[in-house]
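J.: According to TrEMBL:
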- A:HIS391: active site, GMP-histidine intermediate (ACT_SITE)
- A:ASP83, A:HIS198: Mn(2+) 1 binding site (BINDING)
- A:197-201, A:321-322, A:366-369, A:SER373, A:391-394, A:LYS470: GMP binding site (BINDING)
- A:HIS230, A:HIS321: Mn(2+) 2 binding site (BINDING)
Amino acid sequence: MNETYYQQVQLPSGTVHVYAGDTLFKELDYKVFEMANNNLQIPNQVYMSYTPDVHVGVGTCIGTTAVWNTKDGYVSPSIVGSDIGCGMRVHLTNLHKDDLKEVKLRRKLVKVIEKYLPVEDHARGYFSDIRLEHVIKKGLHGLPKKYIPDGYTPRKATSLTHVERSKFAFDENALNLFPEQVWHRSHRQLGTLGNGNHFVEIQSIEIAEDQREIAEAWGLLDGQVVVMIHSGSRSWGGSVSQYCGSNITKMMRAEGLGTADPKLLFAPLTHPLAQTYVNLEYSALNYAVVNRHLIAYAVREAGKDVFGSKFEMTTLYDLMHNYAWEEEHEGQSFFIHRKGSTRALPANHPANPEPYMSTGHPALIPGSMGTASYIMVGSPTGRANFYSICHGAGRIRSRSATKKLVTLNEFSSSLKVGTDDEIVVNQRSLESILDESPQAYKDVDQIIESVIGAGLAQVVAKCKPMATVKGAK
DNA sequence: ATGTCC
């Protein structure tokens, strides 16, 4: 049987391009098409698509790529979503999975990570030597030098080239809109994980046979231990969404703009409120990149405590799956929104950072708890979808429904609790994160199969969880 | 996802 991995769905307001295998497609909630129909009513849109992990969100589905031409474009805070700049980071260590064979050692590592990375108090990561204003304005370039250690990339450079973008420039006047309290809270939250689906995970990797050449170029080794981080812009991005969202809502009401969904917000890029939003959105992208960088810094400190000063943790890559920005393709400027959608550029695309120009950059895709994550690379045929792939497994069940359905025993057994292969979790009570059990999510392997089948990307390495650090409310 | 309020 020939499986289809892509189809165009015609709706009254336009076409949504759906990248999903037949099985996943059949299981899609009709509400994702209602949402698409509303989103397609925003004027001048040139392209909209769904990834195989698409699911209903606020105003817009998570798993959406939505594109305008910059010259007559629109920005939608709803298509970006409220966790602006949320994304992934992977660091490579000089440990082999056998070094972490003992459950006791994995427990110790998790405990020490918690010492450097506050997970109970979400606002305890006070870095008094970091000026929040500097990192908000200059991204990673606003950090004191001590946070950019030597040997931080596989090529042992101190460069900040192993990120999607190390600094987002914007009109800084927009920052005057925020009260002191927002600055204070965000300073205290720097370097904290947050909760929900955010995590730090210790994983071991398996290289995909047909991508060994790329894996080698990236410094990946079979059985290598890696650190995967998933976090965003914390309350800074939340404040941006809230502040801009309420102003744009009022403007839309006054000007009679809108769709059937009052939670779907948008404005033409030329509107002053749209410009303020884009400026503040970029400030949140700076915060998010720095936040993940500082979380990695904390894990690195913990690693040195546990394994000694020879412990290394070099940056593979940092990239995001929630944002809107300008992007050039074949000389044309587009304004691209990705919400739960990850850019995966192929080799030689000019937007690749220099170290990844000849291979394409790593695209980092998290699975759900207890399941695999993936390090992928974009394919040239991904152009059809503006080089966008999935963001993870994709939720199929609400947090409350998951808590009703899944038992603690089922959750524990998916984490292999009590066996030698136990995926050690920091939370004393799994009950506090029961809504993150794998039963709340689609099967990530099926999602990845769809992405490959559609010709969007290839797997370079599969990452298997060994220990997970989560925040919880 | 988030902080805040019920």
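Keep in mind that glycine also has a Cβ here, set from the backbone N, Cα and C atoms.
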J.: If one measures from the C-alpha of A:SER368 (GMP binding site) to the C-alpha of A:ASP83 (Mn(2+) 1 binding site), what distance in angstrom results, rounded to a whole number?
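T.: On Cα coordinates alone, these residues lie 18 Å apart.
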J.: Cα distance, A:HIS198 (Mn(2+) 1 binding site) to A:GLY394 (GMP binding site), nearest Å?
T.: 13
J.: How big is the Cα-to-Cα gap, in Å, between A:VAL200 (GMP binding site) and A:HIS230 (Mn(2+) 2 binding site)?
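T.: That comes out at 6 Å between the alpha carbons.
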J.: Taking DSSP three-state, what's the residue listed as 'active site, GMP-histidine intermediate' in: helix, strand or coil?
T.: coil
J.: So which recorded positions are near A:HIS198 (Mn(2+) 1 binding site), with CA atoms within 10 Å, out of A:HIS230, A:HIS321, A:ASN322, A:HIS391?
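T.: For A:HIS198 (Mn(2+) 1 binding site), the recorded positions whose Cα atoms are within 10 Å come to A:HIS230.
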J.: Of A:ASP83, A:ASN197, A:HIS230, A:HIS321, A:ASN322, which binding-site residues come within 10 Å of A:HIS391 (active site, GMP-histidine intermediate), going by C-alpha to C-alpha distance?
T.: A:HIS321, A:ASN322
J.: With every protein chain in view, how many other Cβ atoms are within 10 Å of the Cβ of A:ASP83 (Mn(2+) 1 binding site)?
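T.: Summing over all protein chains shown, A:ASP83 (Mn(2+) 1 binding site) has 25 other Cβ atoms within 10 Å.
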J.: Tell me which of the binding-site residues A:ASN197, A:HIS230, A:HIS321, A:ASN322 ends up closest to A:ASP83 (Mn(2+) 1 binding site) in space, Cα to Cα.
T.: A:ASN322
J.: Roughly how many angstrom lie between the C-alpha atoms of A:HIS230 (Mn(2+) 2 binding site) and A:ASN197 (GMP binding site)?
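T.: With the alpha carbons as reference points, the distance is 8 Å.
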J.: Cα-Cα separation of A:ASN197 (GMP binding site) and A:HIS321 (Mn(2+) 2 binding site), in Å?
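T.: With the alpha carbons as reference points, the distance is 13 Å.
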J.: By Cβ count within 10 Å, point out the most packed of the recorded positions listed: A:HIS198, A:HIS391.
T.: A:HIS391
J.: Name the residue among the binding-site residues A:ASN322, A:SER368 whose Cβ has the smallest number of other Cβ atoms within 10 Å.
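T.: Candidates: the binding-site residues A:ASN322, A:SER368. Fewest Cβ atoms within 10 Å: A:SER368.
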J.: According to DSSP, collapsed to three classes, what secondary structure does A:ASN322 (GMP binding site) have?
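T.: Once the DSSP labels are grouped into three classes, A:ASN322 (GMP binding site) ends up as strand.
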